[in-house]
Amino acid sequence: MDGTRTSLDIEEYSDTEVQKNQVLTLEEWQDKWVNGKTAFHQEQGHQLLKKHLDTFLKGKSGLRVFFPLCGKAVEMKWFADRGHSVVGVEISELGIQEFFTEQNLSYSEEPITEIPGTKVFKSSSGNISLYCCSIFDLPRTNIGKFDMIWDRGALVAINPGDRKCYADTMLSLLGKKFQYLLCVLSYDPTKHPGPPFYVPHAEIERLFGKICNIRCLEKVDAFEERHKSWGIDCLFEKLYLLTEK
């Protein structure tokens, strides 16, 4: 994190409606994996999570941790290696297979009986289960409640018109005394159509505020050279902690 600016008083952009009708289909997301357009994947894992992880875990083991739209996030192995049970959901079977291959983990495949035509991939160790299906179909599997959710690249990828349904799905999966770790991006939405989409603080309050205490832990400068192609010159990432009211 050296050289990374941190600020908690960044102004939000006022034109929050400009992206509201943007839509990416599940097929388009699958095509991104097939065509290798996965610049959103972080090979070294998320640095803000790495920074705060031990503080969040507080020495606990055996937690159930959920990864929405997990892709091949290396952070799943971080939690599994610390003795936690990881469940993820990802529409791309290729992304799931790449996770197990790149992490050198053996796995098995089973059909998801509640969702015909879909599969769940389970590590041989038994503590990583990745469901290959739509996030909105997942509640039908009765996967239970979770102690923690790590939402990086999920809420910001959901079509803006589907956010309320997504948030309700996430809230339905949370157990008592949960910790919901949420990363969102702040940039001028008039210059880039998304995804990832711009999610202002007011939207987080609208989606989760009735159930959750919402605290912004950190805002960091996340602008990279590749973001110039988005037509923007400024990009910040914000890490939120949502807890039970």
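Placed from the backbone N, Cα and C atoms, the Cβ positions cover glycine too.
Long-range Cβ contacts of L69 (S-adenosyl-L-methionine binding site) within its own chain (separation 6+, distance under 8 Å): V89, E90, I91, I135, G153, A154, A157, I158. Under the heading S-adenosyl-L-methionine binding site, Swiss-Prot lists 29-40, L69, E90, 134-135, R152, citing similarity to another entry as support.
Taken from Swiss-Prot, the feature substrate binding site covers F40.
According to Swiss-Prot, the feature phosphoserine maps to S14.
Mapped onto three states, the DSSP output places K58 (N6-acetyllysine) in coil. Marked as N6-acetyllysine by Swiss-Prot: K58.
K32 (S-adenosyl-L-methionine binding site) sits 37 Å from K58 (N6-acetyllysine), taking the CA atoms of both as reference points. With every protein chain in view, the residue among the recorded positions K32, K58 whose Cβ has the most Cβ partners within 10 Å turns out to be K32.
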